[in-house]
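Single-structure report; data block below.
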């Protein structure tokens, strides 16, 4: 009966559309509102070029880990060990770079592999021995934190070679400085060009998708929403890009982060692996009976998480210019919170990369904004906790209402 | 006996965009068994939810008269308070608690929060005697069978001083013996003056016990039949349910049977959980091209277990035996391998094992053969859309698009999505486990037609069903299973309800 009545429904009204997709627009609007709010209360400090750069450097690793965590959560699991793996791989990289003097072009891939192995060591118990991920990764959290203290012998190691540091603190050089029309204000013309080009590409592909959908009779979002959404994104992106271009341009980590976001968006929306993860999270038994090797898939989502945590670990170590046994404490909670704020479901099967990224940015902007305002870490935690609860309540409320 | 205990007048219930009930009237006399029938989605369960207060007064139009008073229930406990108790299809028992704890859950015999266990157990024992359940009050729910669980639910209802008992599909998951016991119990209660409303798809059972039958179609009352005044045939009821004559409930079959496709030999399987218990013993069967082969048997005979153990060893333990396709031995030790040799298994439990409910039709359709719409791991969206649209048209899946989530489809359409998924793996042999369970009469006919088409295309069909008329109406050959063994093989001419039952009973004597 439900099917038949909805079949009679013709084009949904704008109100219906807004109601059905309130989560996605709501998230974007929330981010913009939070940005504007802190821009005002910090008297414009938030969007100063230096601070935007700081924001990126401070939050890149959360975003990067949120990509892997989203897959884990969609698969129906959780990973509490990422903070400890961050410290562990940071420590390993410090030992190899500083103590043993190995070149970073070897250290980076080796650390990524070791991170993958750490993920594999946990994924094995979850996937093949069917031990709940909460327990396995809680154990992992303790084990890898302990190992970090052991290998670092309780002391921080640093400083790092300059070239390794640039992984985190370096900037993309201005390849197009010779074309710069206003060298007085814009100090990195390349970054501005890239931002404008990306915005143009996004609009082009967005329009192309709409045409494709029209051709195949797929429902499109109302044009007003498409235009509004694109408008907001374009304005914000170009504004941020311009601000960055008046400082040092793109930080290297921004490029790494951007490429990874694009890659994981592709994996989750277009690849068979992504589709299988969603199916497994939605109904593991049905996925298994459909010939999907659910054990192997679960195993690899943990390996993937380990690799991303290792990358984050090196970025953090490079940024602090020292590996400490206390690095990454509590990061797992920020990463998990980012996914849930971004609309992932704790029961699996639901969640989007874009959501997790926006969730991480919301947390990042709040952290940064509150720091500028001079609020202590105590109040920051309190506010973040309430925002997480509010976001998930919003989800549940919408679901029950609809 | 002529006392009207319940009258529902002009009940209209609207959900956003859907009129689920439209001016429904229902009159139930005290001390009768009143059956409520209708296709899935006709509104039976909604009506009962209105009656029991799940949908509170004010959320619907119309009046409920009970004991000659207008009643407005705002919660379930309001209706339970005056003796209206509903037992839902999905039983509401806590598996790890005992029978006694379940019966008095939320209604504990206690003083100041301290439970009086002695009284609880003796009261439970009394109730169990009344429903004829021989189990200790301290037995855990998980350790007793589904038939007994149903009796516990009824005992729970009795503990609440029930006057009007509503049973939603009480026998849907019971075997014949348990169903009969349950129906007898209802008749027993009728003698004691209790009134019951029973919702069921099993028309033969309704005919056995009901005094009145109210038929609901598309959210409205069609008619109420009095079983004592006229002789009511099943076809007569079906006519009321679907609004037309159902001349033939099964499409005609002209089998063209070819070579042997699947052959399973000496199949021995141990129980999945009780690992030292052998569950299947020397099972042998064959399926030929173009043939529809049935497996009949009671619940627990080992039919589903046979199918699942052959399909990639997805059930059981210590599996031995040989599987042949086209006469050649094949490896079916994992599900991907079983799919690769041309097997498909359409589960009896489509919600839990067949569909990813929060995924759309398209994603469910391609799930078992994602590589068929992808190259080097990247999904070709256009191809996927074409595949899903193709099956949606071919199997006549009623939905507003291929992007509708499976959870919002009716049972029949969900089953068609599961079928689409398996057809897209291009199987040679399809194992259909209870393919029409929980599907309304009209959609059943469509499923039978699809089965015929597939057989006509040269596929082999192995069909497991608990509904004997369905097997007799669709199969070319029927195996009968009992207690983990194949006890008879009957040709289309030999097979009848009697011959199947006889085979089961005889084998039962032997062991």
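Cβ from N, Cα, C; glycine included.
In TrEMBL, annotation is done automatically, which means it is predicted and not curated.
TrEMBL lists transmembrane segment for one of the ranges A:250-267, A:268-285, namely A:250-267.
Feature annotation (TrEMBL): of A:105-125, A:168-188, the stretch labelled transmembrane segment is A:105-125. In this chain, the transmembrane segment (A:131-152) lies out of contact with the transmembrane segment (A:189-207); the count of Cβ pairs under 8 Å, excluding pairs fewer than 6 apart in sequence, is fewer than 3. Contacts between the transmembrane segment (A:105-125) and the transmembrane segment (A:250-267): absent, as fewer than 3 C-beta pairs lie under 8 angstroms at sequence separation of six or more. Sequence-distant contacts of the transmembrane segment (A:353-373) (same chain, six or more residues past either end, CB-CB distance under 8 Å): 24, 27-28, 30-31, 34-35, 37-38, 41-42, 45-46, 51, 54-55, 58-59, 62-63, 66-67, 69-70, 261, 264-265, 268, 334-335, 337-344, 379-380, 383-384, 387, 391. Under 8 Å from some Cβ of the transmembrane segment (A:131-152) lie the Cβ atoms of residues 72, 77-81, 83-85, 87-88, 90-92, 94-95, 118, 121-122, 125, 302, 323-325, 327, 332, all in the same chain and six or more residues away from its ends. Comparing A:25-47, A:54-74, A:297-317, A:329-346 for CB pairs under 8 angstroms to the transmembrane segment (A:223-244), the maximum falls on A:25-47. Note on the transmembrane segment (A:329-346): residues 23-24, 27, 61-63, 65-66, 69-70, 73-74, 78-83, 86-87, 141, 312, 352, 354-360, 362-363, 384, 387-388, 391-392, 395 of its chain, located 6 or more positions outside it, place their CB under 8 angstroms from a CB of the stretch. Across the candidate stretches A:25-47, A:54-74, A:297-317, the maximum count of CB pairs under 8 A to the transmembrane segment (A:250-267) is reached by A:54-74.
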